[in-house]
Amino acid sequence: LSKCQLYFARVWIPDPEEVWKSAELLKDYKPGDKVLLLHLEEGKDLEYRLDPKTKELPHLRNPDILVGENDLTALSYLHEPAVLHNLRVRFIDSKLIYTYCGIVLVAINPYEQLPIYGEDIINAYSGQNMGDMDPHIFAVAEEAYKQMARDERNQSIIVSGESGAGKTVSAKYAMRYFATVSGSASEANVEEKVLASNPIMESIGNAKTTRNDNSSRFGKYIEIGFDKRYRIIGANMRTYLLEKSRVVFQAEEERNYHIFYQLCASAKLPEFKMLRLENADNFHYTMQGGSPVIEGVDDAKEMAHTRQACTLLGISESYQMGIFRILAGILHLGNVGFTSRDSDSCTIPPKHEPLTIFCDLMGVDYEEMCHWLCHRKLATATETYIKPIPKLQATNARDALAKHIYAKLFNWIVDHVNQALHSAVKQHSFIGVLDIYGFETFEINSFEQFCINYANEKLQQQFNMHVFKLEQEEYMKEQIPWTLIDFYDNQPCINLIESKLGILDLLDEECKMPKGTDDTWAQKLYNTHLNKCALFEKPRLSNKAFIIQHFADKVEYQCEGFLEKNKDTVFEEQIKVLKSSKFKMLPELFQDDEKAISPTSATSSGRIPLSRTPAKPTKGRPGQMAKEHKKTVGHQVSSGSHCCCAPFPVAQLRPQVFLQPFRFDEKRAVQQLRACGVLETIRISAAGFPSRWTYQEFFSRYRVLMKQKDVLSDRKQTCKNVLEKLIVDQDKYQFGKTKIFFRAGQVAYLEKLRADKLRAACIRIQKTIRGWLLRKKYLRMRRAAITVQRYVRGYQARCYAKFLRRTKAATIIQKYWRMYVVRRRYKIRRAATIVLQSYLRGYLARNRYRKILREHKAVIIQKWVRGWLARTHYKRSMHAIIYLQCCFRRMMAKRELKKLKIEARSVERYKKLHIGMENKIMQLQRKVDEQNKDYKCLMEKLTNLEGIYNSETEKLRSDLERLQLSEEEAKIATGRVLSLQEEIAKLRKDLEQTQSEKKCIEERADRYKQETEELVSNLKEENILLKQEKEALNHRIVEQAKEMTETMEKKLVEETKQLELDLNDERLRYQNLLNEFSRLEERYDDLKEEMTLMVNVPKPGHKRTDSTHSSNESEYTFSSEIAETEDIPFRTEEPSEKKVPLDMSLFLKLQKRVTELEQEKQVMQDELDRKEEQVLRSKAKEEERPQIRGAELEYESLKRQELESENKKLKNELNELRKALSEKSAPEVTAPGAPAYRVLMEQLTSVSEELDVRKEEVLILRSQLVSQKEAIQPKNTMTDSTILLEDVQKMKDKGEIAQAYIGLKETNRSPAMDCRELNEDGELWLVYEGLKQANRLLESQLQSQKRSHENEAEALRGEIQSLKEENNRQQQLLAQNLQLPPEARIEASLQHEITRLTNENLDLMEQLEKQDKTVRKLKKQLKVFAKKIGELEVGQMENISPGQIIDEPIRPVNIPRKEKDFQGMLEYKKEDEQKLVKNLILELKPRGVAVNLIPGLPAYILFMCVRHADYLNDDQKVRSLLTSTINSIKKVLKKRGDDFETVSFWLSNTCRFLHCLKQYSGEEGFMKHNTSRQNEHCLTNFDLAEYRQVLSDLAIQIYQQLVRVLENILQPMIVSGMLEHETIQGVSGVKPTGLRKRTSSIADEGTYTLDSILRQLNSFHSVMCQHGMDPELIKQVVKQMFYIVGAITLNNLLLRKDMCSWSKGMQIRYNVSQLEEWLRDKNLMNSGAKETLEPLIQAAQLLQVKKKTDDDAEAICCMCNALTTAQIVKVLNLYTPVNEFEERVSVSFIRTIQMRLRDRKDSPQLLMDAKHIFPVTFPFNPSSLALETIQIPASLGLGFISRV
């Protein structure tokens, strides 16, 4: 060290206030110097004298680059001041509360809630190495969990520290970590149960002390059990060192256990009245501390929490009341008082109230308890007798009984908690969490502190041995020579306490003595150990105390009370009285008294002898008690640690007393560091080789100290050569297999050499740059001097030239002046002459102009008159011509109309039209196609012309606006002129009046004029000011309008963004619910499989299961009416075992169905109201027209006869259809080409022929009607019948028609009877009725024909009128075109022609659409009829015998054969559905399909199969196929869900299938993207909208699974590639590491680099493109990938202090630029992926920007808008310089940032949610691929399906 004690070296010197102070040497140290000249940081100089005996030099300070390290063992100088300073810098400056010290995690209580314990932090630490992340309790828990899983050995975490240091909180966070990363194996979370036990354990085991309001007064060891899959299955709790003495005694300002005060605070509750409790001040056991209330704590509320926790853990109300009875009895027992009768006996007053209450609560006899509290039983060899005891001994016995009862109750509660935490599953391994006191030292230390410190001695011995073992293993692993490390061993101290004749042994011996006291025991200690053991001392001023030198500090123990606390005698008779209690719970507490004492009964005051008789002193009960106590403290605590493979110690520090956030007291910190063993660990590490470097890291760090010739290809040899030159003493370092080991201080020495070398290089660079700058400055000054000289000389020359010019100018001026005088005189004369000439010439010119003007006007008048005459003549001629044309055309139209009427009447015309209809339709189709082509061409021309027209229109509109403005200005000017003229007239009048006035008035007028002028000037000034104010106001109004506009726009943008965010949130919530549903569904399937396996295990054999069974089969139905009506029997036939609970999609469907039913109900209600109105109207009409009913009845009977004849025909046709259907099976009945299909087509033909026959009959009857016209009154009858027919048509209900028929029958009965009387035979009546009905029918047909002719005539009139209008318009256009130039004429005619053709095309398109709709409607009706006929045939086939079927012949049907045209459908049989799903989905290999076939081929095949099922109108087939498809995809993804290609392939195909269902759904919104051929392929029968929703949900689930696969693949690469790997070599520096391994930034063979990430991204992108994934979906996947990269990188950056440096910021920005370049190469910059990296980019910029001034703070606040305030502050706190030339961020700067960002409203969460998945959308992407062109490759094995 003396070599380093040079000028400006920094050292640590002791200080009574700050413990250690930093100083700087002002003079080099030389051996022999007794004084060091130092300069303190405060600015003072100091002479520091060295100790003349030891001559130890002060400790050296570490370089600033090493300050703030995560691991204290990474410090070059390992000593107490360095450790203290490092902890202080991390705690105060960086706000980091965790620090490693070798294997120990040092945790400092910040007394502030920090956001570093959330689930996101747990996920960040999960799976990480312990040295890769910043120190944290989660890192320790992760290491313990990982070692348990890897080594299959139990682990333990030991949390120690003084009261208030935060031990319980750290243990709770460790348990929370285990529960989160492992997951609970049972439904009830064990971690929640353990946390639920905290209120109970705190109430019965915590108390207020002088240092902590909620101090744990017992040790707790929790074993968290795991199964073979390392999931939590249960827990077990053991307690140690319960401070029983607190039950009966409390020091000043302290309290008893919380439960007693909670009971007293709840004494007024009705259920607690029986306890007869009072205020806590009235009980002896709760009033001794004098502080019964804790500020801010409501004991009554805490009591409610305690009772609630008991209920959660299964402690019933009766047991709870039993606990409270026992606790209340203890309080009353403390108030029992004794009265002395003499020196050897005492008594209790009769009917003593406290004792009475105690006996009542405990259920014991008052007399017995009163007797045995004042007496004891003594047994000798021959007899037993009862002896009274004195008052003091009785009081101690009472207190001992109270402590014993409380201890038993405490153990009983712990046992019940363990029962609640116990699991029936076998425990495979466990992790223990020990929460125990740390080393304690107070002003008065007694037996409790002695036991606690003894336990810590044992723990410290284990820590030392474990650290020594780790050091030894490291040296042996690296194969370096090592010697035995000399470290402090506390075995002598342990021997002093527990060896023979040790402190405990002497204490046991003294307890055996009948009259042993604390004083005699102290004398024995002095005689035995004083001056014989260096660790034992005697205080100078006391004979009742002793001092022990522990590993942490010297502690003085007061002997008073040691014997009594160690004895803690409880008389056996008192226990027997309690055991005989009628209160059932009380004997349960003492059931294990006769058994061996359990580990949970370890107490701070030793074991409890249950009986003590002076007749048997040789039994040694006190000695056995002391030994048992020794076993408890020594053996039990240590065994709890030895059961684990390696303990993980956590040292909790309490940095202050005042409980203020982030305050650090150096004195307390040093005291606790010594107490918790951290310094001992440091000493062990410092004794060996604490600093370790890998060869590559050493080379990278100290490359600057090497010359080029020293660098070899072998890094190890290079490092050896360099170290031999740099460090002469070879004992200061050792070379291992992979690392170099350095002694303490050597790294600091190397850092000094490196800094000197860099400083020298910097000086050289500065020298060169400064010389270059000065040379530039000199050259710049020289050039400036030359320039100044040039300009001065030029100025002088210009002055001389100016003098010469002036001299010459004066001469010229004289010359020109003289000339000017003469010339002026000449010009005056010439001007006068010119004036005379001008006047004369002007007069002559004006006369000539007037003459020319008169002639020009006469010519104009002649021109207009002649033009008017010519136009008049032309109009008359044109009108005559048009009239002649109209007459001729009218004549021709009448002829044509007559001809058309004749043709319309002829039946042959209809036949021709009917026969040629198909050919005309085909011609029209062709014509429509041709017109579509022409229409497209004309539309293009029309678009161009419209553009030209719009541009010209805009020009004309602008000219028109300009002219309108000028016209308005002219009007305004005209108004001003008129007003001025009026003013001039008024002024003239005033002037005349003023002239007529007298001179005196003129003077007054002059004066008034002056005043007026002044007033006008003032008014003008005011007017100017007003104008200025007006302009200012207008300007302000404009600005306000702009501001309001901008504000509204901003609000609109913000509201739009908010709506988008709400939409994304809603979509994200829905997709999260969907994800949760899929997870629950998978869990349900897994549980179902497990149950199946469990059921099938004892029953060997094979059970067939339906592989295509769908849990969704009963959930999804079609929404069409046919499917809904026919779906009911299929559902009822399903077995009950296939029923599954409803999911979300079924719930939405049912909700939709309920809405539809409500709408149908409303429609039916409206229909009912309408029918009631119709009934009322019909009644009114019946009253007005009673005779109409008879005619209607006749009409109905005629109609009935016709229907009967038609029914007979249909029956005959049905028989023929039966014959045809008997040969074929039901599924093929309706197929095209089948016999039934042919017969049906024939029937249609026959129906059309029958229609023609009927038309001929109508013509014949019409001719007969003419002859009978005189006998029949047709008008009224037919008019009335027509009205009645309309009424009948309005009656939709069959019941209404039947009632109307009965009414008609009744009204026509009597006249019918009269008519029948005319002829007895009735033949005349029948003839008459027949003729009457026929005539009425013909009359109705005639009327309908007449109406149709009238309608046709009206339509023709409308056409004639439209033709006239068109003719007029054409003539107008022709007249306009004649006036236009040729080019414009051509353009106008072209525009007109385009308009005409467009209108015609639109009309034709409308007609075509109507025909298409008609054709579709007829097709649907045909299919429905065919299906109904098939159903009727199937139902009636059972009644027909086989012989009849065979005998009935089939009428041959001739159908013309057409060429085969594929319709884009695939036909398969129902039984082949399983094979289809198996070959196309379950056994399909995505790689072969993606490479060899078209993208999305499985989706196209499935849709074509669905199309065929829809074409057959087979809803069951559609439902089965879709359900099997969905379930099969789910099975494939469940089986191969971790394969990216498989998930990507089925995501692409699912989306394509979804798009096909949309594209061919028949909805107009989707059909507009199709071709006409594709529109023909639309679904015709079923609406699959609900299945589209199901497929959309499935696609969302597949997308989320794809994201999880991406994340699992990318996550191992991200941190290594984005943070640790040096893409730019030499930028990042390597800092020394400690015991914890840090991931190297040097790229090894097994590490990932940025190129690895880019290659993986390329692989993902190429696979998705090969699978034909939608481009928009690829963009969303890429955005999600980049978000994962950015979030994981930023989270690791926020949790790794070693990564927060300037060079690392440059590295990150370079890596991000490479990712952006990848996006540009793939044309994905508009995908939003770059924006997801914005937080990472801003964090990298934050590492690089300047961080000193307020301007820097403002710039940072503006720049880092994507980072939260917590993230910005965290990065600034973690910023660590890699080189000495960098500076840390000051605390004041960080506070400035916090002040500026305090108004920012952002999330308090520190880390980004790396598991967040953006809501996905599937934009509609229609396919241009024609379905009929798709070929099915043979490799798919789908030969059983055929194209249709």
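FYI, residue positions are counted from 1 along the chain as it appears here.
For all residues, glycine too, the Cβ spot is worked out from N, Cα and C.
When the ranges 596-626, 1154-1184, 1433-1463 are checked against TrEMBL, the one recorded as region 'Disordered' is 596-626. Local packing around the Cβ, expressed as the count of other Cβ atoms within 10 angstroms, is greatest for G161 among the binding-site residues G161, G164, G166. Using a 10 Å Cβ-Cβ cutoff, K167 (ATP binding site) registers 27 neighbours. Between the listed binding-site residues, namely E162, A165, T168, the fewest other CB atoms within 10 angstroms of a CB are found at T168. Across the range of the domain 'Myosin N-terminal SH3-like' (6-58), the DSSP-based residue counts are 0 helix, 24 strand, 29 coil. Model confidence over the domain 'Myosin motor' (67-755) stands at 79, taken as the mean pLDDT rounded to a whole number.
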